[in-house]
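Feature list (source: TrEMBL):
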BINDING   GLU5, ASP25, ILE27, ASP28  Mg(2+) binding site
Amino acid sequence: SFIGEESVAAGEGSILTDNPTWIIDPIDGTTNFVHRFPFVAVSIGFVVNKKIEFGIVYSCIEDKMYTARKGKGAFCNGQKLQVSGQEDITKSLLVTELGSNRDPETIKIILSNMERLLSIPIHG
């Protein structure tokens, strides 16, 4: 099976089944792309039984290839990545994105989620 982000965003229905499925976003960061903001990627994932098996993200402008495989770790241009090990949430940095949907109910949900996130005692 195949799920394309751009077709889903255009309103086509999509159901994730247990079948092996490719999930592809050919322009991940479409809004960035439209505004010439240089954070755009091609994102590909492969799912079996509704569980991700591997993913690949190619950051075009940076020329960085991120890969990850279930149980095998994550890499950037072949170098193994690891989390920082930071356990103190007050020293963490929160990064979020609001999306482009301006439906009033969606905005209400997003702002509610943002309020909860901003109540956490994070560094920034």
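Keep in mind that glycine also has a Cβ here, set from the backbone N, Cα and C atoms.
Predicted automatically and left uncurated, TrEMBL annotations should be read as such.
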**Message:** Let me check the 10 A CB neighbour count of ILE27 (Mg(2+) binding site). How many other CB atoms are there?
**Reply:** 16
**Asked** What is the number of other Cβ atoms found within 10 Å of the Cβ of ASP25 (Mg(2+) binding site)?
**Response** 19
